[in-house]
């Protein structure tokens, strides 16, 4: 069922560069001057799906906007600087993407980012709740396992919460799983689709290799190694960059892919499926990432976990306590805010 609905990875990105796509989405990027924000803004500017691109950050946005505005594509670009300009950046937006926050450095986990990024996400999502309450909210800022509950609680506080419109962008886990499986099996990565469920940190990242299309088989030792590599791929990049940042280019690609899928669905395209960390009843965890059928109003249907192998079943059971703790941490943060 899922395999039939899921289009091959990257199809949305490729299609977004074709001229036949509808061209009307108003998209805001909050944290547009950062390591993810700049390449993400470039990919969004390059897409005919986007008609207006508004960029927000606390530094350098006028320069980033000026640079992007010289690109010969239809999207208009405007930069907004500092909290007093944030309301204007958000007005009339259909989609808001938030990569704002501090990146990981060697030796740090995504959870180490919590104290700084929790405040940033709470502040930015409060502005979204006030100035574009109907927009789709796509959170990239880590730790996603906590920043999505933060976003939900902030929207609840403002009385505008809609669980079908708040997404934790876990797409990079799927992109990596597709790339790594394709590499091992000598397949075209654009034709590989591996659902990745659970959360977006370490052991909570659960690639469902048993549901991969096309079907692939690995001996258990290779499967364990592959799963571990997908779970720790972010750390692999942090180490390789040796203190000069985290995964920015691949994250920008994954973020753009998710936005284009969402906009396609909002434009009425049928059968658009992406995994995302959202409010969920699929497990006893209040938030969980699974494949979602996207529609005009956000989540049309949660497609659930589906049939999993005993190895995957065990990973799900082990991930849930950690996920619950991260979720609670996010919820408590908002409850304790002044």
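Cβ from N, Cα, C; glycine included.
Keep in mind that this is a model prediction, so the values were computed, not measured.
Site annotation (Swiss-Prot): NAD(+) is bound by 31, 32, 33, 34, 35, 36, 37, 117, 140, 141, 142, 251, and the candidate from 57, 111, 264 recorded at this site is 57. Checking 297, 328 against Swiss-Prot for the annotation N6-succinyllysine singles out 328. Record note: of 156, 279, 314, Swiss-Prot gives the feature N6-acetyllysine to 314, with no matching annotation on the rest. Following the DSSP three-state reduction, the secondary structure of residue 37 (NAD(+) binding site) is helix. Here the Cα atom of residue 31 (NAD(+) binding site) is found 13 Å from that of residue 142 (substrate binding site). Counting only same-chain residues at least 6 apart in sequence, those with a Cβ under 8 Å from the Cβ of residue 33 (NAD(+) binding site) are 55, 57, 59, 60, 61, 63, 64. Each residue contributes its Cα atom, and for residue 176 (substrate binding site) and residue 239 (N6-succinyllysine) those atoms are 17 Å apart.
Among the modified residues listed here, namely 165, 324, 326, 326 has its C-alpha nearest to that of residue 200 (active site, proton acceptor). In this structure, the CA atom of residue 185 (N6-acetyllysine) is 11 Å away from the CA atom of residue 215 (N6-succinyllysine).
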